[in-house]
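Input: a single structure, listed below in structure tokens.
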Amino acid sequence: MLPSVSLLQSLQPSQWSAMLVIYLVAITAEAMSGALAAGRRDMDVFGVAVIAFVTALGGGTLRDMVLGHYPIGWTQHPEYVFLVIAAGLLTTLVARHMHRLQRVFLVLDGMGLVAFSLIGCSVALELDYPLFVVVISGMLTGISGGILRDVLCNQVPVVFRRELYASVSLAVCLLFLALRSLDVHAEVNTIVCFVLGLGLRLLAIRFHWRLPVFSYQQRWE
Amino acid sequence: MLPSVSLLQSLQPSQWSAMLVIYLVAITAEAMSGALAAGRRDMDVFGVAVIAFVTALGGGTLRDMVLGHYPIGWTQHPEYVFLVIAAGLLTTLVARHMHRLQRVFLVLDGMGLVAFSLIGCSVALELDYPLFVVVISGMLTGISGGILRDVLCNQVPVVFRRELYASVSLAVCLLFLALRSLDVHAEVNTIVCFVLGLGLRLLAIRFHWRLPVFSYQQRWE
Amino acid sequence: MLPSVSLLQSLQPSQWSAMLVIYLVAITAEAMSGALAAGRRDMDVFGVAVIAFVTALGGGTLRDMVLGHYPIGWTQHPEYVFLVIAAGLLTTLVARHMHRLQRVFLVLDGMGLVAFSLIGCSVALELDYPLFVVVISGMLTGISGGILRDVLCNQVPVVFRRELYASVSLAVCLLFLALRSLDVHAEVNTIVCFVLGLGLRLLAIRFHWRLPVFSYQQRWE
């Protein structure tokens, strides 16, 4: 086991402070997107807090439950929980101005997608799961918070219908493992994944890149 | 660890028989609410039984899965499983008369909310989780059965939209921990939590107390 | 512990090769049903792959999480994961011809229902859970993949509304345990469960056997 991977996973604010900052920014951005989704369903502020929590920390929770990785991450980090709840509640105050920050928000959300994917890979590597599980763990961490948000808000998950999103998570996980197998240093690997992953996501938004859609309206019987 | 907390959690019918009775009443009431929700979606009797089960025991199941607390409670208590399935199926027979019992039902449901919250706190305390996790565990046990019910019935969880409900769970958890830190005897603590928690819930229903709603209809792009 | 049960559960391709073949056919059929459901929601091919995966392997995943059975089955079997993703993606190519194969598809799906139920029972038996948990484990494995598919596709689970389906799973689990308690040889037991379970399912489809529906449209207050 590479010690750097261990550090990445446990996210101690030592030499990995950059990763920690990005993680905190990411869960904040995810919490805000959860709060807005709750607002579209006219939820009360308690519902806003719960959806913010689930969107930001639900992906990692589901990953830990699937991998049998106890105790689950946020149970050891009250500061993450208070941060995402505060971010969700503050969003209700600033929501009407947020469309002006749309571009910033999309960049933060993209950074979160990459950060979550890398963290998910690292946790599964720590636990010595086979490589295909590592990739699934990365994607699970990256996209399932948004899926849980959409299920709780009673809508079809947007992650399967908009510009490249889940695919960016997959690409990041594969790139991370490829560079790792070439013994690229973990810090360099992380930086390369961020630059290329975030770049791919932003290009996809800019040029409306989407995967082919499968539309099937036939009814049997 | 306080032995009383342990007793509360394991719910042995010894000196804690009052708590056990309340728990059984609570899962019965939750099962009935699940059955009615299934009926609103025209499910068959199997669906009714499943939704009753999930509504009554799903919150504790999710809590145990999040906390890594195995084996999950109901797997050791067939009587709970048979009780909630029977309650769900019987509800289909008496449903048309149930609106006359609305007030009784709301009291039972409120008792269940308090009982589930206290049990959720106790389980997390047993497992030595930090106090903020204890509170989340209490709320998870208190409200997530109803959330799972609504997700399976394809509607936005009502728990985030009606009179104070999740907030009552939060208040009960905080009160329980506050009194516990003051070394109040566990039985007294439980009674105080019940009186104040149930009182708050019933007042909220009577006077239509709600949390502020966050309504956000803006679409970006 | 009966070794045969252990073999059934671990699904090694030795003398249990028939069971393995049926299992592979079953997860393929489930993956295809997931892909079609994703197509009805106009998902992109990534969404198709995810829904195929969840429909085929989500029931077993949920069972393992409820029973605390780690590592979860598919994490040790990359071939299952690749098979269901490939089946989901191929479905997008052949979907418009699939209505011609409707009958074949229903038979495969019925075989999957029986196979999943038996495997779910076996896993819980392995873990020494009480018999009522064994039955629930069988049903959870049999039907919850389809429930997760429907929740992710934002519709009320069809499993609770159409011809006998969940009931077939229950009947198979009870029959399996009854024959096992009579010391019927595991292979004979499995064959009898398949013949009767699949027969019941196909008869139910042919003659539109349904459970009684509970319809409750009353609104209180």
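For all residues, glycine too, the Cβ spot is worked out from N, Cα and C.
As recorded in TrEMBL, the features of this protein are as follows:
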- B:21-95: domain 'Glycine transporter' (DOMAIN)
- B:107-180: domain 'Glycine transporter' (DOMAIN)
- B:20-38: transmembrane segment (TRANSMEM)
- B:45-68: transmembrane segment (TRANSMEM)
- B:80-98: transmembrane segment (TRANSMEM)
- B:105-125: transmembrane segment (TRANSMEM)
- B:131-152: transmembrane segment (TRANSMEM)
- B:164-182: transmembrane segment (TRANSMEM)
- B:188-209: transmembrane segment (TRANSMEM)
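When the stretches B:20-38, B:45-68, B:188-209 are ranked by Cβ pairs under 8 Å to the transmembrane segment (B:80-98), first place goes to B:20-38.
The average pLDDT computed over the domain 'Glycine transporter' (B:21-95) stands at 94. Residue counts of the domain 'Glycine transporter' (B:21-95) by helix, strand and coil are 65 helix, 1 strand, 9 coil (DSSP-based). Distant neighbours of the transmembrane segment (B:45-68): 27-28, 30-35, 37-39, 74, 80-81, 84-85, 87-89, 91-92, 116, 119-120, 123-124, 127, 129, 133, 137, 140-146, 148-149, 152-153; these residues of the same chain sit at least 6 beyond its ends, with a Cβ under 8 Å from one of its Cβ atoms. Remote same-chain partners of the transmembrane segment (B:188-209), defined as residues 6 or more beyond its termini with a Cβ less than 8 Å from a stretch Cβ, comprise 8, 19, 22, 106-107, 110-111, 113-115, 117-118, 163-165, 168, 171-172, 175-176, 179-180.
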